Ligand SMILES: Nc1ncnc2c1ncn2[C@@H]1O[C@H](COP(=O)(O)OP(=O)(O)O)[C@@H](O)[C@H]1O
Ligand SMILES: [Mg+2]
């Protein structure tokens with residue numbers, strides 16, 4: 001994986017500017033302009049003052065795209081990064097690419113869409129050697145969950161407990177409404193289409209791996225606790241328990257959990273990140289990894305979930321990692337003679353002003369679904 005080589009502190013020439021590491025007039029002019037298109041509540045995935053400042057120190061200004069206006073009328077941009085979904089937005093990107101085939105779009109909409117659906121999301125993982133996915137079945141038919149209560153055939157050899165997950169994984173609040181189902185009657189009341197996935201005991205600890213191009217950072221988070229076998233037999237307890245956003249919690253400090261919290265070796269994290277990133281064809285993702293023990297007592301890793309352009313502000317040191325990634329993408333793009341010079345030559349203060357201007361990012365024609373942090 002790429003070594004982190006950018007510093008998050010100002011370069012010596014700007015050090016006298018003092019303050020928050022912010023606006024120094026001695027900084028070099030912006031060389032590149034990145035247009036970012038995302039809902040305002042998603043700007044903090046990485047468009048934070050600390051990132052804007054570091055990027056500005058390295059000649060990058062970030063400008064919010066106004067997705068209510070044609071993208072082709074905006075810019076010039078040297079790179080576009082986006083986290084908006086839906087056909088109208090896709091059409092905007094296509095039109096832009098036709099006009100500016102040399103401007104990188106991070107990332108291809110078709111590849112993003114594949115991981116917005118839990119049916120297709122984990123397909124790509126099935127082909128990898130180093131990790132597996134939990135066993136699962138898809139329930140398409142609206143009447144099916146009820147039928148499942150009496151019918152063994154659909155569940156096949158899946159064992160309780162199961163996790164019921166909505167098919168859509170687009171970050172909307174509804175997509176995070178999951179349900180831990182301890183026994184058959186807990187399936188009553190679930191709404192199809194959904195994925196029924198075997199719950200895998202993993203010590204209550206989740207490894208969230210943030211990927212930025214070739215760089216991977218593993219963060220330890222809380223997860224669903226161990227489910228003892230007796231819980232499945234306890235008919236006085238709830239047959240199913242809904243839950244949401246469990247992995248946003250800090251890891252539990254329960255006694256005996258210490259070994260479960262030891263993160264996987266970095267080389268392993270790098271390998272999985274590299275394979276997974278290539279398989280999904282995306283540069284900006286995170287994924288949820290759990291560790292369980294197989295019958296031989298060896299560690300086995302499973303991928304549960306993949307998210308596009310996640311909340312990088314929760315990844316320690318995200319600013320230099322993202323800055324370096326964008327610089328690499330910008331420097332390696334093909335250069336054409338008929339294009340206006342990179343970045344339109346605005347200075348850092350203009351860059352910051354442009355960034356602060358309020359804009360709407362609702363694509364015309366369709367409201368993107370509201371998102372919550374994945
Ligand atoms: N098959 C599973 N076995 C054990 N725990 C799981 C499983 N699937 C999900 N979880 C737990 O539930 C959390 C949420 O599931 P996930 O598929 O990541 O949905 P979301 O889209 O809400 O992030 C995971 O981070 C993990 O803690
Ligand atoms: Mg998740």
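Numbering starts at 1 and runs along the chain as it is shown here.
A Cβ is built for glycine as well, from the same backbone N, Cα and C atoms used for every other residue.
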One of 42, 271 listed by TrEMBL as binding 1D-myo-inositol 1,3,4-trisphosphate at the site of 83, 176, 208, 307, 311: 42
Range annotated as region 'Disordered' in TrEMBL, from 1-25, 51-75: 1-25
Euclidean distance between Cα atoms of residue 42 (1D-myo-inositol 1,3,4-trisphosphate binding site) and residue 288 (Mg(2+) 1 binding site), Å: 20
Close-lying binding-site residues around ligand 2 among 199, 208, 223, 288, where CB distance stays under 6 Å: 288
Nearest recorded site to residue 199 (ATP binding site) by CA-CA distance, among binding-site residues 42, 208, 311: 208
Cβ neighbour count within 10 Å of residue 203 (ATP binding site): 21
Residue 42 (1D-myo-inositol 1,3,4-trisphosphate binding site): secondary structure state under DSSP, collapsed to three categories: helix
Cβ under 6 Å from ligand 1: qualifying binding-site residues of 83, 118, 176, 197, 207, 288: 176, 197, 288
